[in-house]
Each structure stands twice: as structure tokens, then as C-alpha cells.
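As annotated by TrEMBL, compositional bias 'Basic and acidic residues' applies to 155-185. Look at TrEMBL and you will find 149-219 tagged as region 'Disordered'. Per TrEMBL, the feature repeat 'TPR' maps to 286-319, 328-361, 370-403, 412-445, 454-487, 496-529, 538-571, 580-613, 622-655, 706-739.
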Amino acid sequence: MTLKIITIADDGGVYDISNKEELKDLLESLETKYLVNTETKRRVLGYASLVDGGTYAVKASSTIIAANVVSSSIADQQETSHAAAARHPMLLNQPQEDAPKTNQIKSDGDDYAVKASSNAIARNEVSTNTISPQQGISDAAAAHPSTLLNQPQEDEPKTKQIKSDLGDDGGHEYDDDANKKRPADESTINNEAKRKKRQKATNDDRKIIVSSDCGDGGEEMMTNNEMTEQHLDEPQNEIQLSKANKFMGDGDVLYHQGKYAATLNLYQKALEIRLEVLGDRHQNVVLSYTYLGTCLWRMKRYDESLRNYQKALQIHLEICGSVHADTAQSYHNIGVVLKSQNKLDEALKNYEKALDIRRSVRGNRHVDTAQSYNSIGVLFHNQKRYDEALEMHQKALAIRLEVCGNRHLDTAKSYNNVGIGLCNQKKYDEAMTNYRKALEIHLAVCGARHVDTAESYNNIGFVFYHQNRVDEAMKMHEKALDIRLEILGNRHEDTAESYNNIGDIFYDQKNYYEALTNHQKALGISFTVCGTRNADIAQSYNNIGINLGKKKKYDEAIKNYRKALGIRLAVYGDRHVDIAQSYMDIAVIFHKKRLHDEAMEYYRKALDIRLEVLGGSHVETAQSYNNIGCVFHRKELYDEAFRNYRKALDIRMEVLGDSSLQTAQSYNNIGCVLTSQQKYDEALTNHQKVLAIRLGVFGNHHEFTANSYFIIGIVYEKQVKYKEALKMFRQALDTRMKVLGNRHQDVATTYKRIGEVLTKLNKHVKANVMYELALDIFLEVHGENHRHVAYLRKKMANGLKLQCQH
């Protein structure tokens, strides 16, 4: 017969006494001896023999409260709630987090790690640790965020500025915010969070705590132990409980193999036995309800999962009271399910109840308190309350550094989530610092070939992407993909996320064939893994739509966007930010097709949702106003265009400040409409503000900076200030040649414009040189039938006539 001594202390540790002399000292002094540090070992270690052959369960807070004989005949098969803890050590109070994934803050939980999107910060996501049923749901994340999924939010997308023609109209810009993730949620961080997934924003998918000390002073627990002994006096009950334990153990094995339906069957059998033998007020019954809730959550059967967690909560309230760690954990688990159902306000209430209890019971410097801060932070991320989300994650990080140290996976996840928050604020250098600290921990603890390490590479790639260091971003995402293919295979949502992120980079490099290939791979995996009604599937359709739109295959693009919309409506209902995003994506295609009424209809649908869900002071609401303004501008309704551009600017100034690129976009568009109204001095003032912002962000050698020089040149030209215009066009030409190369159509457009100014200055020989250079490029890029070809030939012929006259 072996001796199992389990002590469960206030710090959540599981400790084993394997030495008879130390056991004697322990029982005599009633003091807890911490022989196994659960920070380094997760399992109960060692056994020792005892003369009477008995098996003892020792309940402890700061001191041992009771040591009760369980059984001497079939002791290894019986479990009190403490023996259960020995068999399922993860149930005990250890900071175990699973990584739910961001929409790409991932859909199955809260911790997100950025599933970076070219347009989005994400949903950014979380770790990919497997959640164990004993852990319950640790709200793992969502996003990042999340994937390089084309979204302007969770992936707070980098606004894609689609130039209207940077020609005589000055080039107003609208947000082509087709979502790429996040990400989180998903949180993503991230998904949604991953976004799950989501992205793919790290959650605390952790154990469901079955504490050893229900009640104050242990009286309630003593009653439960006496009740257990009463049942165990009957051999038949012992046999039945042994069967229940075996069902649970076999179910755990199947759970970790991902065979959730088989797991559920065994857990239900165990619950039936325990209810019959132990009654409905026993900790092992709570344990069964909790395991069932977690398994059902994994199967996305959220209503059933919620019912089981609510039953566990009710028993905890009756046995332990309303201010107890176990009660807090039940509130937390209920919050996770509600979050998965997108009932964010209800989820927040439960998270906050859990936090209040934990602060009361555990104090402000405990891993459970950190978990609550983390989960609330992920939820705030999903609500796009980014500043509040960052504050929560910083609180969680501070606790984890103090309690867990700087070489712990929970600390790494908090570094990750802080990084996501900083990305949302576009503080990419600080975000990179946090992501690199997370990577350092993952390499030290997990090694180079681990899914958590891959997640860190993914997030670092996201930052590189937003710093316009696309080659370095690609290297990071390829490292992440390589690890994921090796460990997870080519039928896993994280692998799909990597394909999406790589596709997004190819998209921005204008390599649309490779972008489409990678996005289609992601879609194929998502179909296999998630089925046809999943947020990741919608995101993949969305990304394919983006690529098709860029290739001007607008009808095919709309078909894919509508598929994404249909799935999102089924998953989220009709009042969700992702629905608004789908409406925006469809509107952008109509806008490109110059179907202005249809575009306006969908832009207004998106605005309506964003005003309701996000409010009137949100960057995505500003984006809707901006794009509505573009439609009015195209329809030459300049006053209406100006009003909407102004609304967008006011919001962006309030939320982002006066040095943001989105603020610059609003100044640009206001400048364009003022040019259309022949208010050139006011237009020039706005365009000079744009140039100042872009110089500050990008420097002189960037495509957007060149665009500002070009547009200012147009305004000067309209003011008949030809020398000033010529200076601006030449600066634009110099920058475009350095950035885009000598054979780009924007370079040709600049040559054409310089020629036109020289013609107005009666410098016809020089003008014809510019026209000829422009013509050569247009012929190479577009062929003989392009409209500029005929125009330039006519200008050159006129120039020759004028030369002859002079």
C-alpha cells in the first residue's frame, strides 16, 4: 500500500510528502511542508509506505486543518476532492492558461496574440497550449492580433488608401479596409480572437479550481469529508466511484486527443454515477459539471456548456459561499462562455465578479487576480476599448512578474498582450520590446520548435509589417509557418493563420498571385478544421475578395465578400463590427465600379452599426464618414462631401491626435474637395498639413510623401503658380523614381504633369521631352490603347507645331 499525502496551500500549490519522517513531523506540527514547487513541476511526485497501509488526504491552508483516512482497501482508486486533485493536478490553483485564438484573436477564448493583418492590429492571439478539461476555460484569446487579416480594427488595419486618380481632381482617398485577420480574440488579441480562432490579444484558459478549503475555517469541508466516508463504507459505492474515476481518466486521454464527443460520453457517465452515490452537493460532482462545461465549450455547444458551469456555480455558492476562490472560478468560466457567444457585456459582469472575489480572497498580487485582469483586458480589446485593455494587461504583467518571475509562460503571455495593446496605439517600438521578451521566454522554456515560439515569431512579424519592414516581416512569418507545419501539420487553424499572414504580405508587395495562393490555402485548411460556419472561413473569403478586387475582378470579389457576410451574419447576428466590416468591403468594390448609389447604401449600413456598437467617437466610425464623403465627392455634391470629411477629421483628431496618418487622410480629402470648390488657399493649407505628417512618419522617400508633393503641385498649378508647381512635381518625381523605380505608371504620370506645366511656360522642347518619357512608360505598362497614349501623342504634336511657330 502506498501513502499519498496531498497538501493544498493558499498559494495554489500541490505538494507531496514522500518521506515518513517528514510526514510524522508534518502531522505532529500541523504545519505545511512545501516539498514540491509547482512552478517547476506540475505533477504530484513520489510515494511512501505507511505502516497501516492507509491513504491520507491532507487539507491545508496556511496550516493543516484535517487529515482523514479515506480507505485502505482500494485507496488508489478512490478520490475525495483532494484525491481528484492528485489525479488531476492541473485542477489546483496553478496559473495555467490556454491560448484561445483571435479572430484571429481566437474565437475560443481570451488570450490573444496578434494575428497581424496588413490592415489590422489584432485579433491579434495567444498561445496555443491545449486546454485541459481540468483547467476549465481560461478565456484564452482571441486575436491578435490576430492574422494579417484584412481588418481595420482588431487588426486595426493600416488604412489602405486608394487614390482616386491623383490627377486633376487632386486624389481624394477612401479607406479600402477590406479585412485581412485580431488578432485575436481575440483574443485575439485574438481572434475572435483564435477569433479565433480569432488574434489568433492571451487568455487564461486554466484549470477550474477545486479548492481544498470550502467554507470558512474548513467546517464545510469537514462535513463533505464525513459525507464521503459515509458513502465509502459501502463496497458497492466504492466500486461505482471507481468506475466514475476511470471514466474521467479515460475521458481525459480522449480530450487531449481532441476526441471531444467520446470524451463527453465518458464524462456524462461519471457524472451520473457521482450524482447517484455522492448527491448533488459534493465537490466531485462540481468537478464533473466543470469538465462537462469545458468539453462542451470546446465543441462550441455554448448553451449546454453554460448550463453546466451554472450548475457548478450554484453548488459552489451553496457549499463555499459567495466570497470564495472556487466561486470566483465559476464566474470566470461562465464569462468565457458568454464571451464566446459574443455576449460581451454579460461576460464582463461575470469577469468583474470573479475579479472582485479574487481581490478579496487572494489579494492584489496573486495569479488568479492576474488572470482576471488578463481576461477583462482581452474583452476590452474585443470591444475596441484599447486603452482600457492595455491597462488591464499591464496590471496582469506586473503581478505575474512579481509572482511567477520573468521566465514563466504566463509572464510571456502578458508581455504578448501588452504588445498587442501597444500595437493598437501604434507604438510599434514598445510593442516590439514586449514581443521580444515573450520570445525570449518561449525560447528558454519551450525551445525553438514550439507553437508558443511560433506565436512570438508571428507577432514580431506583425510589428515589422507595420514598420514597413516587409522583408523582415516575411522571414518571421515563414519561421512561424515552418514550426506550425512541423508540429501542428497542414490541417490546423494556426497554420492557416500563417498562410493568411504571408498572403497579406504578398498582397502589399503587389504579388497578387502568391497572395491569392496563400489565402486559398488558408481557406482550405479552415474548411477542414472549422466547417462552413466559422469566423475564420469568413475571414479567408474576405482575404480572397481583397486579392480579386486588386486584380480588378470585381464581380468575383463581391461573391467572396458576400460569402463572408453570410457566415458572419450566421455567427454574430446583424449588429456586430465584423458585419459592418463586410458591408464596408462590399461598398469599396461598388465604389471602384463607380456604382455610387450601391456603395452609399452599404457604407450607410456599416455606419449605422458602428454608431450603435462603437459610438460616435471611434476610428472605425470616422472611416465610415470618410468613405461616405468620398461617394458624395465623386457625385460632385461637395458640401455633403465636406461635412462628412469634417466629421471624420474631428473624430480622428480627438482619438488619434494631429500626427496620425488617418488624420492626414482626412486633411487630404478636405483639401481635395476644397480644390474642387476652387478654394485653393484653404486647400493648400490642408495639403501642407498632410505633407508635414507624412514627412514625420515616413520621411522623404516614401510613396505617400511623393503623393503629397504631387497634389500640392496640382493646387499651385490651378493657382497659376507654375514655378512652385514645377518644384513640387519634380520633388514628387525624384521620390517616386527612388521608391517605385523608373518604369512605374506614377512616374509616367509625373512626367506628363511636368510637361503640361512646361507647356504653359512655353518651354515646348522640354515639355516634349517629358511627354516622350511618359509615353514610353505608358506604352510599356498599358499598351497602345491606353487613354494617356493618345493624349500624349496629341500633346507632342502640338508642341512641335508651337516650336516651329517660334
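Any Cβ shown, glycine's included, is placed from N, Cα and C.
Model confidence over the repeat 'TPR' (706-739) is summarised by a mean pLDDT of 97. The largest share of C-beta pairs under 8 angstroms with the repeat 'TPR' (538-571) comes from 496-529, of the ranges 328-361, 370-403, 496-529, 580-613, 622-655.
Between the repeat 'TPR' (412-445) and the repeat 'TPR' (496-529) there are fewer than 3 Cβ pairs closer than 8 Å, counting only residues 6 or more apart in sequence, so the two stretches are not in contact. Broken down by DSSP into helix, strand and coil, the repeat 'TPR' (454-487) contains 31 helix, 0 strand, 3 coil. With DSSP states grouped into helix (H, G, I), strand (E, B) and coil, the repeat 'TPR' (580-613) comes out at 31 helix, 0 strand, 3 coil.
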